[in-house]
Every structure is written in C-alpha cells, then in structure tokens.
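Colleague: For His36, Asp38, Glu141, the entry in Swiss-Prot reads Zn(2+) 1 binding site, with the evidence type sequence analysis. Sequence annotations record features per position, and here Swiss-Prot assigns Zn(2+) 2 binding site to Glu141, His214, His235 based on sequence analysis. Swiss-Prot lists His168, Arg246, Asp304 with the feature substrate binding site. Annotation source Swiss-Prot lists disulfide bond at Cys87-Cys170, Cys242-Cys274, citing sequence analysis. The annotation N-linked glycosylation site is assigned in Swiss-Prot to Asn57, Asn62, Asn279. The GPI-anchor amidated serine annotation in Swiss-Prot covers Ser384. According to Swiss-Prot, the signal peptide annotation covers 1-16, on the basis of similarity to another entry.
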Amino acid sequence: MWTGWWLWPLVAVCTADQFRDNAVRLMQSTPVIDGHNDLPWALLKKFNNQLQDPRANLTSLNSTHTNIPKLKAGFVGAQFWSAYTPCDTQNKDSVKRTVEQIDVIQRMCQLYPETFLCVTDSAGIQQAFQEGKVASLVGVEGGHSIDSSLGVLRALYHLGMRYLTLTHSCNTPWADNWLVDTGEDKAQSQGLSSFGQSVVKEMNRLGIIIDLAHVSVATMEAALQLSKAPVIFSHSSAYSLCHHRRNVPDHVLQLVKQTGSLVMVNFYNDYVSCKAEANLSQVADHLDYIKKVAGAGAVGFGGDYDGVSRLPSGLEDVSKYPDLVAELLRRQWTEEEVRGALAENLLRVFKAVEQASDHKQAPGEEPIPLGQLEASCRTKYGYSGTPSLHLQPGSLLASLVTLLLSLCLL
C-alpha cells in the first residue's frame with residue numbers, strides 16, 4: 001500500500017508544473033487584458049512624468065509592480081492604463097491633471113514602440129496581440145475628471161479615453177461613490193442625477209465603456225438599468241467573500257449577468273480578504289464566486305497594480321499572472337472559461353459598446369444646472385441671469401442681505 005510513497009511530492013510538483021505549463025500555453029495565444037493599472041500615477045509621483053529621466057526607464061525600473069520585463073513575463077497583452085487624478089483636484093485642476101496623465105500614456109507608446117501600441121478600439125487590441133505588443137488603452141478613473149461637462153467628456157474621448165469610472169472615492173455633483181454606503185459620505189444624487197443620466201447616455205453614444213468600480217450600490221443599479229451597452233467593474237471583487245463596500249454585492253452580480261457585463265477582479269488585499277494579508281488562492285476564490293453567480297462570461301482581471309500598497313502572496317507584481325491562471329486550471333476551469341477571463345470577455349463587452357455607439361446621433365448638450373456646481377472660481381458664461389461668478393451656498397443669501405441693508409440706508 002505504501003509502495004513509492006516517497007514519489008508523491010515529486011508527482012505533486014510535476015502536476016503543479018503541468019498546470020503552469022498549460023497556463024503559459026494558453027496565454028501565448030490569449031494574453032491577459034488587465035482592466036486597471038496605475039503605473040502612470042506612479043510615474044507622476046516618482047518622476048513628475050519625466051519619462052526620459054534615466055531612473056524612469058521602464059526596461060529596468062524595479063520600484064514599481066509594473067515594468068516591461070514583468071509585463072512580458074506575465075503575458076500581459078493589453079492594459080487599460082489609469083489616467084487618475086485624486087479627488088482633491090475636483091473643482092480645481094482635475095481636467096488639466098487628467099490630460100497630463102493621458103499624455104504620459106501616449107508618451108509611453110512613443111518611447112517604447114517595440115513594446116506598447118496605443119489603441120482605441122477592440123480591433124486595435126487584436127492587432128497588438130498579433131504584433132506581440134501590449135495594447136495600451138486609456139481608462140479615466142473618476143467622473144470628477146470631466147468637471148461635470150459633456151464637452152470635456154467628448155474631448156477626453158477624442159484624446160483616447162475608452163472607459164470612464166463614474167466616481168472615484170468622492171461624489172461628483174451627478175453620481176454617488178462607495179463611501180455613501182459606509183456612511184462616510186452623504187448621498188447627493190441617489191445614484192445618478194438627471195445630468196448623471198445624460199453622462200451615461202453620452203458615453204453610450206460615443207462608445208465609452210462605463211466603469212462602476214468605486215461607485216455606490218445605488219449608482220451601480222442606476223447605471224446598469226440605464227446603459228444600452230454592457231458595463232465593467234474595472235477593479236472590484238465579490239462582496240460576499242469580503243464585506244468591503246468597494247466590492248460587488250450578489251444582487252448586482254445578477255444584474256451583471258443579465259446585462260452581459262463584466263467584473264474584473266481586484267488584487268488589493270483589503271478587497272480580497274478584508275485583512276492586511278491575502279494570497280493567490282483567495283483571489284481565485286473571488287474569480288470562482290463571480291463565475292458561479294454571474295457566469296463565466298462575467299469574469300476578468302483588474303489587478304490594480306501600482307495603485308495599492310498591499311498585494312497577495314503569489315501575486316506580487318504583473319509577472320505573476322501565469323500562476324493565477326494555473327490555479328484556475330487546477331480548479332478545473334475549462335480552457336474556454338480561462339480564455340474568457342484572460343481576454344475574450346472584455347473583448348466581447350468592448351465590441352458591444354462599440355456596436356451600441358451612434359456618432360450620427362446628435363450629441364448631448366444640456367449643461368448641468370449651475371446651482372449643482374461648487375467652487376467660487378467658476379464663471380457664469382452660458383448661464384443667463386446669474387452672477388458673473390458662481391457663488392457658494394449661502395453667498396447669494398449674504399448678497400441679498402447686503403443689498404437690503406444698502407437700500408435701508410438710502
């Protein structure tokens with residue numbers, strides 16, 4: 001009965017190697033499309049976006065989760081790079097900052113043309129696959145980047161933006177963020193305001209993917225019900241496995257299934273295990289769970305590399321994707337399901353968004369009501385019958401009191 005027991009560890013190693021070998025084989029023909037990577041933000045923080053600084057060389061930069069050798073080792077074939085600007089830029093220089101981050105992404109493609117190919121559509125991703133390059137797309141992380149302007153939304157589209165996260169971790173004047181669900185922020189729009197609905201419709205018209213990572217549950221529900229095209233969660237996980245409000249609850253996963261939408265699983269420990277520590281197997285648990293609830297077509301990868309401080313053991317950087325794919329194969333995912341999670345699910349969603357677009361339709365023109373905007377530096381141009389500067393709440397009352405007092409003194 002115990003004959004050859006000493007061979008068991010060797011058999012286990014061989015089996016593990018076989019899963020990884022199969023993962024590599026699959027990824028050579030179907031590389032990863034990752035939904036969210038914050039390398040551009042890391043380049044701003046470390047080098048003030050100066051890519052020609054020798055220290056910023058992406059072939060040798062080792063202080064980030066992402067560099068060119070790691071991307072190649074991880075079989076990353078397409079990346080939505082995050083054009084991110086923090087919430088404290090809202091009502092200030094968010095548009096300027098966003099354009100600068102888009103510029104960084106485009107300069108990455110110019111500086112490393114042998115590695116990166118900047119693309120703006122699903123066909124471009126497939127072209128990059130054929131050329132053995134990393135298709136590089138722009139995802140703008142946070143609705144504050146459009147400064148409540150459909151004109152800015154369109155301008156960012158023309159600069160290459162192909163998804164917009166409706167909020168980051170702050171409300172916009174037209175959409176609520178996930179902190180509303182924790183009680184840390186107050187709901188302003190009950191999901192989406194009338195202008196927020198106009199943003200969603202204009203994104204549909206243009207062919208911009210709607211990203212619901214970071215939004216409140218009410219905003220998830222409103223956008224999923226309103227959008228004519230599938231949406232994505234570019235870097236979120238399953239709420240049932242980790243009760244963090246950045247994750248997606250089961251009833252929303254059902255809406256994801258009904259609409260053909262996509263959840264690209266985040267690797268941040270706090271969203272994976274709800275603890276400071278996590279491991280690769282727990283990330284696979286989230287992938288398993290979303291597949292069970294929403295279907296194999298609803299699963300993707302959104303690692304959030306270079307945007308988080310803690311990553312699971314076994315997924316320390318972008319080179320580790322083959323190990324995660326090997327774990328899915330070990331869990332008896334079919335090759336078809338794995339190819340879907342790697343790339344085909346995102347390509348399906350992207351193509352559906354493109355097909356739903358209608359550039360012949362008249363663009364949205366209704367501006368957000370001036371009273372819904374904040375910050376005293378806004379001018380009145382285009383808004384009739386208003387002061388030359390948009391006054392903060394209470395300022396109008398103060399002005400009326402001053403006027404009445406002056407009349408009494410006459």
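Count begins at 1; order follows the chain as displayed.
Backbone N, Cα and C define each Cβ position, glycine as well.
Please go over these features one by one and say how buried each is and what sits next to it.
Modeller: Residue environment of His36 (Zn(2+) 1 binding site) contains 30 other Cβ atoms, counted within 10 Å of its Cβ in all protein chains.
Listed in sequence order, His36, Ser82, Ala83, Tyr84, Thr165, His168, Asp211, His214 are the same-chain residues at least 6 apart in sequence whose CB falls under 8 Å from the CB of Glu141 (Zn(2+) 1 binding site). Mapped onto three states, the DSSP output places Glu141 (Zn(2+) 1 binding site) in strand.
Cβ-based neighbour count (10 Å, all protein chains) for His168 (substrate binding site) stands at 23.
Of all the Cβ atoms in the protein chains shown, 15 others lie within 10 Å of the Cβ of Cys87 (disulfide bond).
In the structure as shown, the Cβ atom of Cys242 (disulfide bond) sits within 10 Å of 22 other Cβ atoms.
Cβ contacts within 10 Å of Asn57 (N-linked glycosylation site), excluding its own Cβ and spanning all protein chains shown: 14. Asn57 (N-linked glycosylation site) falls outside any helix or strand according to DSSP and counts as coil.
Asn62 (N-linked glycosylation site) is surrounded by 8 other CB atoms, counting those within 10 A of its CB over all protein chains shown. Under DSSP, Asn62 (N-linked glycosylation site) is assigned to coil, being neither helix nor strand in the three-state scheme.
Take the CB of Asn279 (N-linked glycosylation site) and look out to 10 A: across all protein chains shown you find 15 other CB atoms.
For Ser384 (GPI-anchor amidated serine), no same-chain residue that is 6 or more apart in sequence has a Cβ closer than 8 Å to its Cβ.
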Colleague: Using a 10 Å cut-off between Cα atoms, which of these recorded positions sit near Asp38 (Zn(2+) 1 binding site): Asn62, Cys87, His235, Cys274?
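Modeller: Of everything listed, nothing lies within 10 Å of Asp38 (Zn(2+) 1 binding site) (Cα to Cα).
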Colleague: What is the maximum Cα to Cα distance, in Å and rounded to a whole number, among the residues His168, Arg246, Asp304 annotated as binding substrate?
Modeller: 14
Colleague: Hey, does DSSP put Cys87 (disulfide bond) in a helix, a strand, or just coil?
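Modeller: Looking at the DSSP assignment, Cys87 (disulfide bond) belongs to a helix.
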Colleague: List which of the recorded positions Asn62, Cys87, Cys170, His235, Cys242, Asn279 have their Cα within 10 Å of the Cα of Asp304 (substrate binding site), in sequence order.
Modeller: His235
Colleague: Between Asn279 (N-linked glycosylation site) and Asn62 (N-linked glycosylation site), how many Å separate their Cα atoms?
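Modeller: So the alpha carbons of Asn279 (N-linked glycosylation site) and Asn62 (N-linked glycosylation site) sit roughly 22 Å from each other.
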